[in-house]
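Notes to accompany the following structure.
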Ligand SMILES: Nc1ncnc2c1ncn2[C@@H]1O[C@H](COP(=O)(O)OP(=O)(O)OP(=O)(O)O)[C@@H](O)[C@H]1O
Ligand SMILES: [Mg+2]
């Protein structure tokens, strides 16, 4: 509910006291709290949580927090003054210490359980109790819901210590993974792709944890050493953090009649999802069953568009399970992700992820998650045969809608009004045979070159190219002539600028991020901040110095290097 105060909010939040009155803990106040939880939030040991939508948890602050960075664009959108990020009470709160927050801010946060389906198959093994009751936010704790400029935001700490879902792990996030997620979220937003956002990042100057990782220059697939790394807490922000897996948790309980309120809890989490993520598209006067059909329709649109956008910008999520699939249809969980260098349909940065989550398999992975979503909400349609039929149709048309989104996206990348299958097929073949840099190729093409010379800037010249460079160049020239004949004549400048808004110039390649987090671990944040600047304007022509550093082919010696080219699921 938006209160009078929220509407009258001043435009600048300069202190935590300014932020406090905007708080509205509606999730905690309206959803079910686990009845077995400890009200003071001292609930940090792994245990089974049998019912309720959330457990109250007090975050465990990191020792001696130091400011690393804040999401400047998000701060401005929220009306937060930049100085807030380094003010002592804000630092204290967002590095996990809620003990001194001003009223009505609360001294406890909350964590949620969720279920897991991998590529559409239900899993329980990842839960230490094998029941699914111990799986969920293991190191993510939300601390605030606030209504700011009429928009509701949930703020979630990542790495703020153990929760009942921690599965015996430490609940911490290392600086390396926190820097990656922090930079990637704001980059993704700047790319125009829906995503959770980055509010702040603080590191401990004294507390470290050990994680398996790669030795310098290691070409090992799996980490070959244990490294001691500083712990950090990043805060991410979204209208909600509800995942497809979360709906599944309540649906599984309802299906198995695990407790008398199970069906009601499923309905309430779905209505909560509608409130947070689908309010603008749902007619409130409808029945729950009708609302469910509407959100399925809208979620299908958002999810297909999201995945087409990921492919447009060269992003591979890496671990697109149902528990990493936000039910609001935005990007969530930047763990084993990567932005590709070479165009490779099988690109998969995560060594544990498997081919089914590879770059161009993401539409199929999304389809599996969408099926998991439909199965999860289906019990709410019992007794409504028409709605059941509508949901069935929405589900079965997913591949068609996905394909249409992909074709629209490829056409836009090529500056064409309509998708041309033959042109695209030859391009994909040439890109693979030549080994081209995906980002650079499309950006060079966006300048509408007269011949293939400028495109060659993006060629890695793999073995097939090296075997017959003249032959391939000839095919490239033929392809370019064909493409030129298909673009609209007479509107060159307009077309070029339009294509440059579809094909980014800069992308957050892993080998840019590695030195940034390495320096950050030594207390030097210069490179991280430079990357933050460059990557939040990915479509802009920037300075020549930026070009030389960030608009270039990946050095060959970095291919195959652990951490820079592939990574294990790292937290
Ligand atoms: N160090 C840790 N301590 C406790 N739980 C963890 C830790 N690392 C991961 N988990 C939990 O393991 C599960 C799977 O990990 P995954 O890498 O998908 O998550 P994540 O990056 O922590 O989470 P998110 O999906 O919230 O971004 C998640 O439920 C997560 O909360
Ligand atoms: Mg996850």
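Placement of Cβ uses the backbone N, Cα and C atoms for every residue, glycine included.
Values in this document were obtained by computation on a predicted structure and should not be read as measured data.
Among the candidates 243, 252, the residue that TrEMBL names alongside 136, 138, 139, 158, 170, 171, 236, 333 for the ATP site is 243. Per-site Cβ counts within 10 Å over the recorded positions 170, 323, 333 peak at 323. The 6 Å Cβ screen around ligand 2 retains 324, 333 from the binding-site residues 139, 170, 324, 333, ordered by sequence position. With a CB cut-off of under 6 A applied against ligand 1, the binding-site residues 139, 236, 324 are reduced to 139, 324.
Cα separation, residue 323 (active site, proton acceptor) to residue 333 (ATP binding site), rounded: 9 Å. Within the same chain, residues at least six positions away from residue 324 (Mg(2+) binding site) with a Cβ under 8 Å of its Cβ are 243, 245, 317, 332, 333, 335.
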